[in-house]
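Features of the protein shown, as given by TrEMBL:
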type    : residues              : note
DOMAIN  : 46-256                : domain 'Calcineurin-like phosphoesterase'
BINDING : D52, D85, Y88, H255   : Fe cation 1 binding site
BINDING : D85, N123, H218, H253 : Fe cation 2 binding site
Amino acid sequence: MASGFRTKALLDLSCFLTAAFCAFLVPTYAKLTTIEHPVKTDRSLSFLVIGDWGRRGFYNQSEVAFQMGRIGEKLDVDFVISTGDNFYDNGLTSVYDPAFRESFTNIYTAKSLQKQWYSVLGNHDYRGNVEAQLSPILRSVDKRWLCMRSFIVKTEILDIFFVDTTPFVDKYFMDPEEEHTYDWEGVQPRKTYLATLIKDLKAEFRNSTAKWKFVVGHHAIRSLGHHGETSELIKFLLPLLKENDVDVYMNGHDHCLEHISSIDDSIQYLTSGGGSKAWRGDLKPEEDINQTAKFLYDGQGFMSVEMNEKEAMIVFYDVEGKVLHDWKISKQLYSAV
């Protein structure tokens, strides 16, 4: 009987989101917070991407942070992106939780990393006090910190859409064997929350006139890692990315580094989830993804992006700062080379 109720709930949610996705949406109704970030004087931009990191320096988090500082100085990064699971194992308990300083402020101490951090929530963050991570009080503790559910960072050459992906995933709501509890305050009713998010994203995509469009979420759309693909994102988010010529989707969740292309669109799928605990050793190869996988490293590390109006260079580094993989995307050719 319980199984039947869960099945009906999933079908109802699917129908509801599909209807919301297909509805006509007016761009001026979008309500996502927008942050303006300047580019360099030569109209270039550089930043680092790290995910799944907050473990009080353990599991090589401190070593990865050191290399981030070194590369950050070399590239003169403008900001840092966190792809979620910011504090393990169960988020923050409050704005006074010492884990904030012990896993963030006291770890990323390099001068080059004293820039704005733009962060999304991961599923582990939802196991704690979500409002604590979103609170402006944390910005008074460490001015670098900025975390929201979904928001947009706009520059003169790039719009970055940060998407709260955890509420899309059915198992966090429906699986009776799930041993963890989640803080859904601010998300319930789930149907309304997701429908509004989809509506706002679609409107903001239509509004965007940026040369480049990147999207950041915690969960993967394409991945060969431990967790693999997220079917709910493939159904509800991926069509938006394809319709609006998004160049890159970046995520964490899988504790590895990945670069996957696609046979049916030009999106580059990048996983940067090696901020601390990694080396799971249980990759899930999929035949259709294998054909377009450019790079996979089941270990710790991070990613950098350097770009201007014409091209973007993506580089993956390991825990020792060694370059593992690089890839250039050219806007002149409208394809990856």
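Every residue, even glycine, has its Cβ placed from backbone N, Cα and C.
On a predicted model such as this, the values are computed, not experimentally measured, just so you know.
Within the set of binding-site residues N123, H218, H253, the entry lying nearest in space to D52 (Fe cation 1 binding site) is H253 (CA atoms). Ranking the binding-site residues D85, Y88, H255 by the distance of their Cα atoms from the Cα of N123 (Fe cation 2 binding site) places D85 first.
The two recorded residues, H218 (Fe cation 2 binding site) and D85 (Fe cation 1 binding site), show a Cα separation of 8 Å.
All protein chains considered, the CB of N123 (Fe cation 2 binding site) has 21 other CB atoms within 10 Å. A simple way to gauge crowding: the CB of H218 (Fe cation 2 binding site) has 30 other CB atoms within 10 angstroms, across all the protein chains here. In this view, H255 (Fe cation 1 binding site) is surrounded by 25 other Cβ atoms within 10 Å of its Cβ, with every protein chain counted. Sequence-distant contacts of D85 (Fe cation 1 binding site), defined as residues of its own chain at least six apart whose C-beta falls under 8 angstroms from its C-beta, comprise G51, D52, W53, G54, G122, N123, H124, D125, H218, G252, H253, G273.
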